[in-house]
Every structure is written in structure tokens, then in C-alpha cells.
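For reference, the structure is listed below as C-alpha cells.
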Amino acid sequence: MHAGPLDPPRGRLDALTGARFPAALAVFAFHVATAGFFDPDSGIPAALTAATRSAGTIGVSFFFVLSGFVLTWSARPGDTWGRFARRRLVKVYPNHLVTFAVAMALFAAAGTPPATALANLLLLHAWVPDPEVFLSVNGPSWSLSCELLFYLLFPLLLRLTGRIAPHRLGRWVGGVAVVVALLPLAATHLLPAEPRFGAGLEGTALHGEPVVGMWFLYAFPPVRLLDFLLGVLVARAVLSGRWRGPGVGLAGLLVLAAYLLGLVTPMLVTVDALTALPLALLVAALAARERAGRAGALGGRLPRWLGEVSFAFYLVHQIALVLVRVALGADRRLGWAQGLSGVLAALALSLAAAALLHRFVEKPAVRRFSTARRDRADAEPAADHVPTGP
């Protein structure tokens with residue numbers, strides 16, 4: 001795999017690893033608002049929905065940008081597509097397989113048609129504009145369907161972006177960001193407004209939104225490839241030494257501003273249009289600062305560990321929310337104290353399950369299967385085992 005002309009020494013990215021868990025926690029918070037832990041008459045669910053309306057979308061967008069950045073940063077000169085694809089699939093698929101099986105065994109099997117289950121198992125479900133398919137079995141797994149496309153196209157994107165002159169990378173970043181920002185307009189005018197998300201989603205951020213438009217902007221893999229491409233481009237810029245973006249503080253403020261603005265904009269805009277560029281700037285700023293020798297608080301031991309288990313956390317958290325809510329009584333109205341206790345229990349269960357999944361499934365699979373036996377003896381360290389996608 002040819003990485004292009006940008007091949008300076010590339011160090012660790014501990015701060016980006018540490019930044020993964022806050023993104024996963026944002027997705028957790030978004031799903032808490034829809035999990036029924038609080039009595040609707042208390043006003044708490046409405047307040048949670050209002051406060052976390054941008055949380056799930058910004059968390060996933062961060063993961064997609066980060067994926068493009070880290071894979072570019074860790075690209076190996078001379079690597080082959082087959083070796084790269086093997087490493088990436090071994091990184092993500094065992095966790096998906098386990099959580100798919102758990103979700104099917106616990107609650108999803110009865111309501112999931114065989115064709116839908118197969119599409120989910122093969123990570124093809126995000127290509128279908130039906131929430132009964134792309135949100136099937138274990139809902140968060142739709143993003144892995146996008147990641148699969150990213151992995152298939154990454155060697156080509158790496159080669160093509162390697163032909164861009166370093167001084168033009170900023171223009172390309174801006175151009176891709178403009179396309180992302182304009183997509184909600186295209187979705188509004190070119191895609192059907194009906195059907196809309198309705199029954200069962202009252203009071204949530206999705207209620208009343210057009211199904212096809214939301215799918216197109218949020219889950220359709222070719223559209224989300226633009227976030228991944230932003231990550232590739234800003235990684236190229238940082239590696240070239242020509243990155244002139246804002247520092248971590250200003251980039252963080254831009255992300256916060258985009259988050260807050262997303263609380264009041266139409267959901268089709270909130271999904272990605274506001275946050276893709278600020279997130280790309282933040283990822284680049286964190287990497288550039290660490291390259292200069294300052295990882296910051298996110299590079300500490302605990303944030304790094306949380307970041308390492310965040311992929312597993314992302315895949316188990318919705319299962320944990322369902323299990324805890326059922327344990328408390330699926331139809332029982334909970335007071336705020338009971339609801340809060342349930343949320344904290346689900347968070348603890350998610351962390352415990354994520355630690356186990358990471359320790360006993362993800363890491364052993366990477367060690368055992370990421371490199372073909374004939375290549376194992378002279379294999380270099382697996383740099384792209386740095387966590388990337390959700």
C-alpha cells in the first residue's frame with residue numbers, strides 16, 4: 001500500500017485514543033434519552049432529548065473522521081490491500097459477531113426476519129433505507145457497515161490523496177466540508193418526505209423526521225465516506241508539516257458551538273453538516289499537539305484505557321440499556337432516583353462488558369488472526385491496531 005510522498009516518522013497518538021471514550025459516552029447519553037428510564041410526565045425525558053439531540057450524531061461523526069485520520073497516519077509503505085483488509089476485519093468483526101449473537105439470543109431474534117439478520121451479520125444493513133433493517137439487532141452496528149466500505153476503499157483513497165500537493169490539502173478539506181454542509185439541502189429537496197419516524201419514537205430526536213432523508217445523511221455508507229475522507233485529508237496535512245489549523249482550544253470551542261447549534265437546527269442538519277469540519281479540525285489539532293510532544297490530559301493512562309475499550313463499549317451499551325431497563329420492569333414507571341440508578345447501572349454494566357469483550361475477544365483475535373502465519377515471523381508492529389472506528 002503506497003502512502004504517497006508523506007512518510008516522516010509517525011509517533012503514537014495517545015490523545016486521540018483517549019478522545020474516543022468521550023465520543024462513545026456521547027452516543028450512550030443519546031440512547032439513554034430514548035431508553036425509557038424516566039417517567040415521561042416528569043419532563044426528564046424531554047429535557048434529556050433536548051440536551052443530547054446532537055450527542056449521538058457528533059459521537060459517530062468523530063469516529064468516522066478519526067478512522068480516516070488514524071489509518072492514514074499508520075499506513076505502511078509496501079502494505080497490500082489483502083493484509084490491510086485482514087487486519088481491519090479482525091479488529092472489528094469478532095466484537096460484532098459476539099454482540100450480534102448476544103442481542104439475538106436476548107431480545108432480537110423474535111422480531112428479526114432471517115434476511116435482515118443475515119444483512120446485519122454481514123454488515124450490509126446500512127445500505128437499506130429501512131430502519132427495521134439498518135437499526136436491526138444491535139442498533140449501533142450500522143456504523144460498522146460504513147466502516148467496511150471505508151476499509152475497502154482506503155487503499156484507493158490513500159493513493160489518490162497522495163497525489164494532492166501538500167499546499168492544496170487545505171482547499172480539499174474545505175471543499176469536502178462544503179459538500180457535507182450542502183447535503184441536507186439536497187436530501188430535503190430530492191428525497192421523499194414520507195414516511196416519517198413515528199410510533200414508538202414520540203418525544204425523541206427522530207420523531208417526525210423523514211426516514212429516507214435521515215438514512216441518507218446518517219447511515220448511508222457512501223455519504224459517511226465523506227467524513228472518513230476528511231480524516232484522511234487532515235492527516236495528510238499534519239504529516240506534511242503544512243497544517244495551519246486552529247489549536248486544540250479553539251477547535252474544541254468550534255465543536256462545542258456546532259453541538260449547541262445542532263440542538264436547535266433541523267435534524268437533517270444536526271446529523272453531520274455542522275460538526276464534520278470542526279471535528280476534523282479537532283482531530284488534527286490533537287495529533288499536531290502530540291506530535292510536538294504534548295499529549296495533554298487525554299493521553300493519560302486512564303483515558304487511554306477507556307479509549308482502548310471504547311469500541312467494545314460502543315457495541316455493548318445499547319444491549320446493557322435494554323437489559324437494565326427490563327430488569328427494572330419494562331412497563332414500570334420509574335422515579336428520577338430509580339431512573340438515574342438504572343442509567344448508572346447500565347453504564348457500569350457497559351464498561352464491565354466492554355472490558356471483558358476487549359480482553360477476551362478483541363485482543364486475542366487481533367493477536368491470533370491479524371497477520372497470516374507466513375508473515376508472522378517478520379511482521380512489523382501493527383500500528384493500525386490503534387482504535388479507529390466506533
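Placement of Cβ uses the backbone N, Cα and C atoms for every residue, glycine included.
Positions annotated as domain 'Acyltransferase 3' by TrEMBL: 15-353.
What TrEMBL lists as transmembrane segment is 21-38 (among others).
Residues or ranges marked as transmembrane segment in TrEMBL: 58-76 (among others).
As annotated by TrEMBL, transmembrane segment applies to 97-122 (among others). Sequence-distant contacts of the transmembrane segment (97-122) (same chain, at least 6 residues past either end, Cβ-Cβ under 8 Å): 128, 132-133, 136-138, 141, 315-316, 319, 322-323, 326, 357, 361.
If you look up TrEMBL, you'll see 142-160 (among others) marked as transmembrane segment.
Listed as Cβ neighbours of the transmembrane segment (172-192) (distance under 8 Å, sequence separation of 6 or more from its ends, same chain) are residues 161, 164, 210, 212-213, 216-217, 223, 226-227, 229-230, 233-234, 237, 266, 268-269, 271-274, 276-277, 280. Feature annotation from TrEMBL assigns transmembrane segment to 172-192 (among others).
The transmembrane segment feature in TrEMBL is assigned to 212-235 (among others).
For 247-264 (among others), the entry in TrEMBL reads transmembrane segment. Residues 50-51, 53-55, 57-58, 270, 274-275, 278-279, 281-282, 284-286, 289, 296 of the same chain, all 6+ positions outside the transmembrane segment (247-264), place their C-beta atoms under 8 angstroms from a C-beta of that stretch.
Residues 13, 15-16, 19, 53-54, 57-58, 61-62, 65-66, 69, 73, 173, 177, 180-184, 205, 214, 217-218, 224, 226-227, 230-231, 233-235, 237-238, 243, 245-248, 250-252, 254-255, 257-259, 261-263, 296, 298 of the same chain lie 6+ residues outside the transmembrane segment (270-288) yet bring a C-beta within less than 8 angstroms of a C-beta in it. According to TrEMBL, the feature transmembrane segment maps to 270-288 (among others).
For 309-328 (among others), the entry in TrEMBL reads transmembrane segment.
What TrEMBL records for 340-361 (among others) is transmembrane segment.
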Stretch among 21-38, 58-76, 142-160, 309-328, 340-361 sharing the most Cβ pairs under 8 Å with the transmembrane segment (212-235): 58-76
Mean of the pLDDT scores, which run from 0 to 100, over the domain 'Acyltransferase 3' (15-353): 95
Recorded stretches the transmembrane segment (21-38) and the transmembrane segment (142-160) touching, at least 3 CB pairs under 8 Å: no
Chain residues outside the transmembrane segment (309-328) and at least six past its termini with a C-beta under 8 angstroms from it: 20-21, 23-24, 27-28, 31-32, 35-37, 63, 92, 95-96, 99, 102-103, 106-107, 138-141, 334, 338, 342, 345-347, 349-351, 353-355, 357-358, 361-362, 387, 389-390
